[in-house]
Amino acid sequence: MAEYKLAVTTGSMKYAGTMDHIYATLIGTEGQSERTELDKIGFDFLTDSTRTYTIKPKSSLGNLLLLQLEKDPFLFLPENQWFCSKIVVTAPEGELLFPCYRWISRGELVELRGGKAKKSFEDVHPMLIKHREKDIMMRKNLYKWEITDEKIPHHLHYKHVSELPAEVQFSMTREDEIEYTKKMAGIELKFKGMVGSTEQWEKIEDMNDIFCFQKTTISEYVAEHWKDDDFFGYQFLNGTNPTVIKKCSKLPSNFPVTDEMVEPFLAAGCSLKKEIKKGNIFICDNKIMDKIPTRMYGEEPLQMPASMCLFYLNPENKLMPIAIQLNQQPSEQNPIFLPSDSEPDWLLAKIFVRSAHALEFESVDHLLGTHFMAEIFTVAALRNFHPVHPLYKLLIPHFEYTLHINTLSRIILFGPEGILNTSTLGYEGTKELVRRGFAQITYSSLCLPDNIAARGLESIPNYYYRDDGLKLWNIINSYVKKMMEHFYPSDADVSKDAELQGWIQEVFTHGFLGNKHSGIPSDFTNVKDLVKFLTMVIFTVTAQHAALNNGQFDYLAWVLNGALLLRKPPPTTKGQSSLETILETAPNIGETVKFATLILILSEKYSDMVLLGAYPDERFDGPEPKQIIQEFQAELSCLSEAIQTRNAELEIPYTYLNPTQIENSITI
């Protein structure tokens, strides 16, 4: 009689264990075992535990192909799902890992494959081929594309997080902690009488009182320095959205800045033309906002100017704003504001620039550029890759919780009743902004080295987002290259991988709407192109999201540093603004705390966070992939040390691309 020992590991997350009966069946090339209950004295499947069970078929099963799991009720207890992490089977032929890493419900028949990564054309046994085809068909029924707007990417069809399959939902720990953060923020704000208040702020300093216990070193720095021109410029390089500023090689014809206007703000003996030629002039052009729909506020529509801001890199290597025009078409009612204008005029102009910048950041660069992109890659992967495919094993840790947070975002953030509906743009304006942003996305814009080069920012000093980001890109690229060269020894292996080709075809068709001009590939024919694309995917859902998301509370908790709502129209003449004008323009108290609570939740760190390069789920079986992962982790650790050393010398540390601050997937 043959003997098979099963070491069964239950997950460590909250409520992972179960009291239910668990049954296992082993299927091999020479037969299958009886359906056997996994039962020993005491509690069997406790959270974060491993217990070993024995199955004794009458004869050897040959090479193991599948392991079936089933869960039946224990007495009359209600359903409690079980999270099975993995099962290691010790057979006469040797040890075999069966990764699971999913929730199992009563009545399900879960079939697991051994941990060795295999592409579809490498399966030769008829049972494995049939199992693979059946599994992918099931996944395509479970995860479907939905079209809600012809001009933005398609998304997952589920309307509410409660409908999502358990394997892509938040852990109970994550849900509890988010709810706790919301509750504690609400209690503090209600105690202060701020929630729902329609009162106008009496003094700018009062905005400091929103959160007494949530402040960070950076948020306090912002509250103190938000008026400073050098800090205003710094944020376009290292703040919440460091991806829009460009080198100015020629002034736009609709931005008639003259030498006489800006000469006082340039170094002695310099002219605008000379500084442009030297590469010291930069521009942020929010033309994406031009004539965009806005919402009604009372009986009047709000206004969202499509501002232009010119910057000068001075001899002290500080990026200074030197001219602002708040609308695209120059006119007497659209003056160019200068640092020499009255303090309220110049400050109000900067407030409108920062507001446009913040709205574009939240809707286009953050929501569309990371969250929506991640959903494209995730849904296509779940529909096309079998769990034993090497790319499923490589990518799935980087997609954890993404579908849950995106489904939630479509309700509480981007939906008709979402928080962005209370911004200057409202629901329809935000949708239009996303449409315009999507029309501009290209493959090159998603690849950091190409993006930096296209914006002419290869050499501007103190651009820590670029410095850290490019190092991370190269580390991720090296990791992916080693993995792909291991699993795809030749370009022919790439071309004949049907699951891979199905994935990229769906990314191209459903994600980028079949737009060839985007530069997104619709197929892969060689390892080199595959490596670059996978580098972009992993970078986008880890480093890029961290760079855009993690600093939101730091930089936007002070509402005038990036207001999502401005209640008054932009100034059309100089000399008419005052401190009172700024207070009338800012969101009222209730609106301010609503936005502040949102960014607090989005910036919070949660206890089940998994860092970039940490792979707690053992999906790869074999020494080579495990060695590659260890090398990846070592490179990330070295980068982290280098960033910490540099930051110790900086007045404002740039921490968002330190690997110790980057999540392995988009989870919030």
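Cβ coordinates come from backbone N, Cα and C, glycine included.
As annotated by TrEMBL, domain 'PLAT' applies to 2-118.
Marked as Ca(2+) 1 binding site by TrEMBL: Gly17. Less than 8 angstroms from the CB of Gly17 (Ca(2+) 1 binding site) sit Thr10, Phe43, Phe45, Leu46, Thr47, Ser49, Trp82, each of them six or more residues away in the same chain.
Cβ neighbour count for Asp39 (Ca(2+) 2 binding site) (all protein chains, 10 Å cutoff from its Cβ): 12. Marked as Ca(2+) 2 binding site by TrEMBL: Asp39.
In sequence order, Gln81, Trp82, Phe83, Ala166, Glu167 constitute the residues six or more apart from Trp103 (site 'Essential for stabilizing binding to COTL1') in its chain with CB-CB distances below 8 Å. The feature site 'Essential for stabilizing binding to COTL1' is assigned by TrEMBL to Trp103.
Marked as domain 'Lipoxygenase' by TrEMBL: 118-668.
Summarising the annotation, TrEMBL assigns Fe cation binding site to His366, His371, His545, Ile668. Other Cβ atoms within 10 Å of the Cβ of His366 (Fe cation binding site) number 21 in total over all chains.
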Neighbouring C-beta atoms (10 Å sphere around the C-beta of His371 (Fe cation binding site)): 24
All-chain count of other Cβ atoms within 10 Å of His545 (Fe cation binding site): 25
Cβ-Cβ neighbours of Ile668 (Fe cation binding site) (radius 10 Å): 23
Between Ile668 (Fe cation binding site) and Asp39 (Ca(2+) 2 binding site), the C-alpha gap once rounded to whole angstrom: 39
